[in-house]
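The following features are taken from TrEMBL:
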{"type": "BINDING", "residues": "G73, V76, N80, N338, L467, S471", "note": "Na(+) binding site"}
{"type": "TRANSMEM", "residues": "67-85", "note": "transmembrane segment"}
{"type": "TRANSMEM", "residues": "97-117", "note": "transmembrane segment"}
{"type": "TRANSMEM", "residues": "129-155", "note": "transmembrane segment"}
{"type": "TRANSMEM", "residues": "225-244", "note": "transmembrane segment"}
{"type": "TRANSMEM", "residues": "256-279", "note": "transmembrane segment"}
{"type": "TRANSMEM", "residues": "299-320", "note": "transmembrane segment"}
{"type": "TRANSMEM", "residues": "332-353", "note": "transmembrane segment"}
{"type": "TRANSMEM", "residues": "455-481", "note": "transmembrane segment"}
{"type": "TRANSMEM", "residues": "493-512", "note": "transmembrane segment"}
{"type": "TRANSMEM", "residues": "524-545", "note": "transmembrane segment"}
{"type": "TRANSMEM", "residues": "565-591", "note": "transmembrane segment"}
{"type": "TRANSMEM", "residues": "611-639", "note": "transmembrane segment"}
Amino acid sequence: MRKNSKVTQREHTSEHVTESVADLLAHEAPLDYKNSSLNVGGVPGKKIVLEPPENDGRPAWNSKLQYILAQVGFSVGLGNVWRFPYLCQKNGGGAYLVPYFILLILIGVPLFFLELAVGQKIRRGSIGVWNYVCPLLGGIGVSSLMVCGFVGLYYNVIIGWSIFYFFQSFQYPLPWAECPIRRNGSLAIVEPECEKSSATTYFWYRQTLNTTSTIADSGGLNVKMTLSLLVAWIIVCLAVIRGIASSGKVMYFSSLFPYVVLFCFLVRGLLLKGAVDGIAHMFTPKLEKMLEPQVWREAATQVFFALGLGFGGVIAFSSYNKIDNNCHFDAVLVSFINFFTSILATLVVFAVLGFKANLMNEKCVMENGEKILGYLNSNVLSHDLIPPHVNFSQLSTVDYAEIYAVIKTVKEGSFAELSLDPCVLEDELNKSVQGTGLAFIAFTEAMTHFPASPFWSVMFFFMLINLGLGSMIGTMTGITTPVLDTYKVQKELFTVCCCIIAFFCGLLFVQRSGNYFVTMFDDYSAGLPLTIVVILENVSVAWIYGTKRFMQDLEDMLGFRPHAFYFYMWKYVSPCCLIVLITATVIEMAISPPGYNAWVEELAQERFQSYPPWALAMCFSLIVVAMLPLPVVFIARYFNLMSDGSNKLSVSYRKNMMKDISNLEEVDEARSILGKNPGETPSPKPPSQWYVSIPTGGYAMLNMQYVLV
């Protein structure tokens, strides 16, 4: 190689190489020099054009609908059914929708658009994307992968619980409809633990989980739940084993079927007695709640997790899109589908809970009416206190309220001794139920009163399985896609190995105390780490890569420039909102004592218990392990202890690139392609140069400038 060649000069110069092979990933496809259409005229000022090959070997969605359903299936999950309605009830009913919608616009849509755009532009999973955008912050992708792993472990346990209930629903009457009878010889008594609580509560804690009273007492494996977890992992493995070729087809059913069930439940729920009371209670706004910071914090957190930001699944799915796909439309569409799904689920939940509240209130009136009748017969109360129109055989809630008010006024001094309950419908509706308590206790109890209750129970738990499966496919894709893009491993084998390892790690959650570990992972493994991951994603694009540069990339990719609204959201508003959210989350964790609600068998009710020291250490270890890649990768790359990831090309990229440049050894050959004479003075460095490593003849760098058509 000649000494005055440009490649040789670069070997001996100290000039900092700012761009590398990783930059190739910013385009739709890798370089293909043989099939390229280049401007070889050498006319000064004209651009060299490189047309990307039609197919770079990366899998692609069969249709736009399949892709949208995959994103909807990932973002719409169990939280829409049992978390959003609870927050809406807790934080002011209809008033909660105002801060939620505002934060959806300020945080949700812009950051969702950002993740879709970087995945589609760079066409890699989370690790490759953030290695390209900012190598020093390449740990973002690894942290996303770690969080996906933690969440996938316990999320599939919930699918396992739903599978167990699904198969138990093929019975009439439903097994949780009545308390079991304990027989002692000729004596038959109701199970005391069930009698103190309720039939559905007893079935959940005792016959399903068979839970222990503390997290310290593991109680051994729960065989029924272990088998259910195994079935759940087999289903997930079969759904994702062939990548988007299989998971995309699964999404047609798993994403659409829950909407069919929700609409069926809504119609059925509206026909139930008391359903209107539940919905009216739900959407009666308590405007004073909007002034509480806690409401805004919980709304921001729900927006954040509802869209699946930071998990890597959004980036992974969008990386299989065509480069010119309108991801802005996708971001707005999926965000609002998610929002309206939450509203639909809330209507369904409170129609059913309104029906349940009326049943409980009528039961309360009947029981207390019998107490009053007993007091009248024993002369504890005078018959003069009872209005003449009252009929105790058909005591209405209005009549009972009137009697209760009279007795309370007359017997003011000894009223407490009568142990009468007020039986107010509003009190029943105000009982906050969330998470597993909503799905496996409150909802199941309401369904026992439905005509054809097994049918509705089968439909409900089949819906939960599909909602969970859609989210699990996205979570698993957030794990497999970055690894498959970075390392040359067999997709099917890697997926199977992941599922096997996850199943054995998930045995922690199917012990008799496993429910408490599910709560621990839900509280600590995702919240704070994901929030930090997303703010670093935002900062790396808006402040390091550059918002103007990113907007220009979007214009080149989409064919139009996104509205300036996104510029200001990414640059200023979203980072500020996320910083406030992180601060509020840390303060909340510091103020709230770390603990869990344990089921106390003797009392037949839940009691809050603090974590023992080893469990507390485990809680904070989850946070540390999830965030550890961030500083480790930063330090390693800052001190050049680790490559910047530019050599971690996907198999298809590496195959095409190495094939096309393996014979380029002399820089003069490159110059002839560019239309330069060997003795010609090199032109000044253009705005965008990409240095491609030549595998033969040492570590020379080939300087090539081109622009995608």
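The backbone N, Cα and C atoms fix where each Cβ goes, glycine too.
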Listed binding-site residues (N80, N338, S471), ranked by Cβ neighbours within 10 Å, top entry: S471
Selection from 67-85, 97-117, 611-639, the stretch that has most Cβ pairs under 8 A to the transmembrane segment (455-481): 67-85
Any contact, the transmembrane segment (67-85) to the transmembrane segment (332-353), with at least 3 Cβ pairs under 8 A: yes
Outside the transmembrane segment (565-591), six or more residues from its ends: residues with CB under 8 Å to it: 103, 106-107, 110-111, 113-114, 293, 297, 300-301, 304, 527-528, 531-532, 534-535, 538-539, 541-543, 547-548, 550-551
Same-chain residues at least 6 apart in sequence whose Cβ lies under 8 Å from G73 (Na(+) binding site): M251, S254, S255, L469, G470, S471, I473, G474
Lowest local Cβ density (other Cβ within 10 Å) among binding-site residues: V76, L467: V76
Ranked first among 129-155, 493-512, 524-545 for CB pairs under 8 angstroms with the transmembrane segment (611-639): 129-155
For the transmembrane segment (97-117), distant same-chain residues with Cβ under 8 A (at least six beyond the ends): 88, 290, 295-296, 299-300, 302-304, 306-307, 309, 314-315, 318, 327-328, 330-332, 334-335, 339, 343, 534, 537-538, 541, 550, 553-554, 557, 562, 566, 569-570, 573-574, 577-578
Leading stretch by Cβ pairs under 8 Å, where the reference is the transmembrane segment (129-155) and the options are 225-244, 299-320, 332-353, 493-512, 524-545: 524-545
Cβ-based neighbourhood (8 Å from the centroid) of the Na(+) site, residues G73, V76, N80, N338, L467, S471 excluded: V72, F74, S75, G77, L78, G79, S255, P258, T341, G470
Range from 225-244, 299-320, 493-512, 524-545 with most C-beta pairs under 8 A to the transmembrane segment (332-353): 299-320
Listed stretch, out of 225-244, 493-512, 524-545, that has the most CB pairs under 8 angstroms to the transmembrane segment (299-320): 524-545
